[in-house]
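Some notes on the structure that comes next.
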Amino acid sequence: MGDSTEKLQANASLRQPKKRFVGRRTADTQAQSSTSVQDVESTSIQKATPRRTPRTLNQVPPEISQDPDILAAIDLLPKNYSFEIPKTIHRIRTSGAKRIALQFPEGLLLFATTISDILTQFCPGTETLIMGDVTYGACCIDDYTARALGCDLLVHYAHSCLIPVDVTKIKTLYIFVDISIDTSHLIATLERNFQPGKTIATVGTIQFNATLHGLKPVLERAGFNVVIPQITPLSKGEILGCTSPSLSAQQIDYLLYLGDGRFHLESAMIHNPSIPAYRYDPYSRTLSRESYDHTEMHTLRRDAIAAARTAKKWGIILGSLGRQGNPHTMAMIESHLNERGIPFVNLLLSEIFPGKLAAMSDVECWVQIACPRLSIDWGYAFPRPLLTPYEALIALGVRDDWEKTHEGVYPMDFYAKDGLGRTKPQAVQTV
């Protein structure tokens, strides 16, 4: 999914995760095909043969994918990071884009100038603009700023298509930046620490999604039952810091997260408190058992909600960092406050700090429509309650507490299909 053509051809005998959406004609074509793909008896990364012929629009021609100069330029970048340079060059050339915005997360900015030079060298007559504002996640895609700067194409790196390309205000290309790792150590570690026959739910960030799917048949041959869960519309196995699938503790023995850091894993732990969670760091090659203080988190959030119920004036913060803020969610909360005769003030912020809000001391409660984890992780540091939209609806009596509706489990579904990060205009009209 997104690999350049030469990689697809080179890996024609290997597996890859199934695409989420397959058209009827493609499905019929596949059904008529007698070609079978055998699992590779290997513990190295398993990338897959394409399950369908790429559309002409997306298929990278050999004059790009096999260009020795382009391949030499790609060698300047880490070999285990797939920046999909040929695909990007092809998209720029075919779209006629002249001014291209490049948006990277902090950890990949060190490659930004190299990628910029490569693209301008092989796409004559174009210029690139590296966007330097902080990018925390897929919700921070900044098509608004890119458009305001006169760009006609935005290339967003290392996050999935949280904001669909038919919604962004300019043409957008998502580059997942698949990271290849040697999985032999991971397999050996799991075999040494987990009993065969156990059921493992594997999750991770989008960079390791292909690896997760490649691991499944290998782990199953080793005697494990492997589940790759999904919370739509995210990809199977993909989790975000605010969005993760809900699993059955009766069916899942372990939750395994592939990736560095805990931020995304904590989302899955909050949503699945009774399932033991483990994290495999592919960089340090360590497997660790992870824990989370659910009692403390629930207490802090309930205290904030209780304090908000007596607040005489509210403040509503709409996050302006990329696409974090949803205006429809804001309008819905405004409507509920108006119904109850509660005065409020609106505030537009790209980043939210305690000192900034403390300056407006007449506001007794804040609800931020930006990142739920800001309230969950750092809400205690703010002088007034800082609620998520979900918590605001509880405080206003619109929704019941998670103890009643989710059997005591705090939901992490902000960007799920019906999550509050995706509020539609119709939801506001029905209030």
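Placed from the backbone N, Cα and C atoms, the Cβ positions cover glycine too.
Predicted, not measured: the structure shown is a model, and the values here were computed from it.
Under the heading [4Fe-4S] cluster binding site, Swiss-Prot lists Cys139, Cys242, Cys371, citing similarity to another entry as support. Residues annotated as compositional bias 'Polar residues' in Swiss-Prot: 28-47. The region 'Disordered' annotation in Swiss-Prot covers 1-57.
Cys139 ([4Fe-4S] cluster binding site) carries a helical DSSP state (H, G or I). Within 8 A of the CB centroid of the [4Fe-4S] cluster site residues Cys139, Cys242, Cys371, the other residues of that chain are Tyr136, Gly137, Leu240, Gly241, Gln324, Ala370, Pro372, Arg373, Phe414, Tyr415, Gly421. In sequence order, Tyr136, Cys139, Gly241, Cys242, Gly319, Gln324 constitute the residues six or more apart from Cys371 ([4Fe-4S] cluster binding site) in its chain with CB-CB distances below 8 Å. Other Cβ atoms within 10 Å of the Cβ of Cys242 ([4Fe-4S] cluster binding site) number 25 in total over all chains.
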